[in-house]
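Structure, as structure tokens:
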Amino acid sequence: MTIGIVSYGAYVPRYRIKVEEIARVWGDDANALKSGLMVYEKSVPDIDEDAATIAVEAARYAMTRSGVDPERIGAVYTGSESHPYAVKPTSTIVSQAIGATPNMTAADFEFACKAGTAAVQACMGLVSSGMIDLGMAIGADVSQGAPGDALEYTAAAGGVACLIGKKESELAAIIEDTYSFTTDTPDFWRREGMPYPEHGGRFTGEPGYFKHVTNGAKGLLNKLGTKPEDYDYAVFHQPNGKFPTKAAKTLGFTKAQIAPGLVVPKIGNTYSGSCLMGIAATLDQAKPGDRIFATAFGSGAGSDAFSITVTDRIEEIRNRAPTVSELIKDPIYIDYARYAKHKGKIRRS
């Protein structure tokens, strides 16, 4: 049975803060940070934006592109590590907003930055089993980093929604297969009630990101019998610009393959939206027949790899909603004081 992406939608807040502005406040070397992270600015949510509003915007764009009846959607799953409520599903808010309720199921997912791709896999399973016609999988975050922490230079806001289905005439991209690699690795964590996450800093790269991304990617390549050169594009989770570039090189992918989907330098790490944002940016310019290799990563830790082939329908739906490049254009730059207010780092007494 053929399973794939019927439609997709992305959303990125317009507000941005430059690395130089954050470095100015904390007395850090902005040039060294930009060179090391390969990130130059990041997206900042407005005061009234959170993971739920971002998920709704992305889902609405996906529905605009698809042209399908929302009542056909049998499941909405939202992955995030910044759900606005500890007890109250983000996914029910999204479901109601897009007109999918009430004859459907909804749930929230958590797995650090790969909660969105875990939701994609869950929708794939439900669609392929025949339990539902269409499933909406979303990755959205308004990620946090403690003041002065290294994460503050990259923790950003954004989200992507993917409508998953099986009717071949509706598919904009076919998901050929998926593969996951998971271990118990405490590289990044936040307990209930803690405002900011903790992490192992520079010691998390090899045992966390690189171990799981490379093993997940190799697992899918071996499963399919494919090689990096069989793909036109590649997308890897983007906590910064350096990590996906290094992972691609290690696996045998080229800079040209990852360039179209490498959006982190301009918007930062959108966490659960990160890999999906790269896929969306790639779909925005891919041609029918092009193949995309993608691997998401989530701390804790695990990876989800996907092999995707673009269909003719991409040309029909692509321009029905804003592309990622259009969403990134015309940013509104803010200073650290306004950024701190938007992010809730300072509050009225």
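Placed from the backbone N, Cα and C atoms, the Cβ positions cover glycine too.
Annotated (3S)-3-hydroxy-3-methylglutaryl-CoA-binding residues in Swiss-Prot are ASP29, ALA30, CYS113, THR154, THR204, HIS237, LYS246, ASN269, and among SER80, SER82, SER180, SER299 the one listed with them is SER299. In terms of C-alpha distance, the listed recorded positions ASP29, GLU81, CYS113, THR204, SER299 place THR204 closest to LYS242 (CoA binding site). Counting other Cβ atoms within 10 Å of each Cβ, the lowest count among the recorded positions ARG202, HIS237, LYS242, LYS246 belongs to ARG202. Cβ packing within 10 Å was compared across the binding-site residues THR204, SER299, and the lowest neighbour count falls to THR204. Checking each of the recorded positions (ASP29, CYS113, THR204) against HIS237 (active site, proton donor/acceptor), the C-alpha distance stays within 10 Å for CYS113. With the fewest other Cβ atoms inside 10 Å of its Cβ, the least crowded of the recorded positions ASP29, GLU81 in this structure is ASP29. Look at ASP29 ((3S)-3-hydroxy-3-methylglutaryl-CoA binding site): DSSP puts it in coil.
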